[in-house]
Amino acid sequence: MADPRSQLYIGSALTYWSAQLWHFANILILMTTSTDLRLVAINGLIANFLGLLLVPSIGRWIETTNRLEAAHLSLSINNAAVVLSTLSLFPMLLFGVNGVLRTVLISISFLLFGVSIMAETAVKGIKADWVKVVNSQKQDKDNIALKIDLSAMLVLPLVFGLLMTSYGVVLGSLFLVVWHAGAWLIEYKLINDIYAAVPALAKKQSAKNGESLVIAPSLQSIVADSHVYLRQSIFPAALSLGLLYITTLDLGAITMGYAYFQGLSAMTLSLVRAVGALTGLLGTVLFPHFVKKIGLVQTGLLSLVFECSCLALTVLSICLPGSLFNPVSYFSGLQPVYESTSTISIATFFLGILLARCGLWMADLSVTQLTQDKVKEGELEAVERAQNRLNHLLAITKDILVIAMPDPRIFGFLIIASWTSIFSAVLAYKYYADRHANAKVGKKK
């Protein structure tokens, strides 16, 4: 029988690979049916809103449900939602349907996308729980999961980008459906084998004194979690992490959509994501070395300063040849013409984002570790719930901004707003770092 630990990491890799393929493919499929960034922004808004409401409840459901039942259900919902969401867009891809039917199909796809993201969150949480049981050695699980997630951006998006560029969106979508159906079967078998091989996985309380699952948190629980969160010494650092969510300067749906309007092919976009994964992986490799040399707090500050400095290139790209930024045309009501005469602007834009990925993931790891080290064990869950709500609220803010300004001709305003948010994150973390340094000096005296 295969080693359960190896099977678990294979299953985790499949989960992350499938997730990255779905996120990338969904962007490209939507962009082929859209004339601006509004569709991808609405899609993200729905997913983030569901995350705001349901992620804490998903965590409690995982804690109180039999491990095998939870794994089966979440895995099945995730893959079924991906397949059905993709298939719901096929009539538009094949026949170009419009009107009410188009609106209905897109709405179904959006809702299923949100469901898939919630189920994906559950699958990742369950796999993390299983790792703790199966793997008896103490490891940096946050770093390992991040490395798997980033490495997943290297392979399947490249395959999908090649299919899209060479054979079109329909064949690429069929590949997506077949992949998820196959991954579903493989992961299902792996889960059963691991559960049978590790008896400790069955030793779990399935309910807490008859406690029922609460779908949405009450106002009282939100206030209580927020109170605990705000009184933490690491709050300014945690706030800096949240501020990183008000950005279009990542490799997510909005950024990829903007690049799509610049005329970049699906293959080029997949290569950009692959390079972004490599620079992110570099950050996870460098992180422990910087912590050892300059300490955790200073590593976080250096990472954010580096990220903010690199992203200044995206602001510069607004003014360079080939930029789509043309607010005069937009506010004059002229028809958009998305034709770049030069690649200088988009190349500078992505150069800044790709370099910043290293600092971004080092900053993420810094704040995560600070939270785990500095927050009392009894308060950690409340702090994590409050942080999750803040992250989703700020991501929703970003989505609303894009919905309000979906035209690529005014994307430059979103770039400036995003960079301002990153700069604010630097200031918030700097405040925490200075306070931490002063506290250390006070103790020495």
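Backbone N, Cα and C define each Cβ position, glycine as well.
Predicted automatically and left uncurated, TrEMBL annotations should be read as such.
Since we're looking at a predicted model, the values are computed, not measured.
The transmembrane segment annotation in TrEMBL covers 7-31, 37-55, 76-97, 103-123, 144-163, 169-186, 237-261, 267-287, 299-324, 344-363, 410-432.
Nonlocal intrachain contacts for the transmembrane segment (344-363), taken as residues 6+ away from its ends with a CB within less than 8 angstroms of a stretch CB, comprise 146, 150, 240-241, 244, 249-251, 255, 259, 262, 264, 272, 275-276, 279-280, 282-284, 286-287, 290, 299-300, 302-308, 310-314, 316-318, 320-324, 415, 429.
Long-range contacts of the transmembrane segment (299-324) within its own chain (CB-CB distance under 8 A, at least 6 residues past either end) are made by residues 237, 240, 249, 258, 261-262, 283, 287, 290-291, 338, 340-346, 348-349, 351-353, 355-356, 358-360, 362-363, 366-367, 370, 408-409, 411-412, 415-416, 418-419, 422-423, 425-426, 429-430, 433. Highest Cβ contact count with the transmembrane segment (169-186) among the listed stretches 7-31, 37-55, 76-97, 103-123, 410-432 falls to 76-97 (criterion: pairs under 8 Å). Between the transmembrane segment (37-55) and the transmembrane segment (7-31), three or more CB pairs separated by 6 or more residues in sequence fall under 8 Å, so the two stretches touch.
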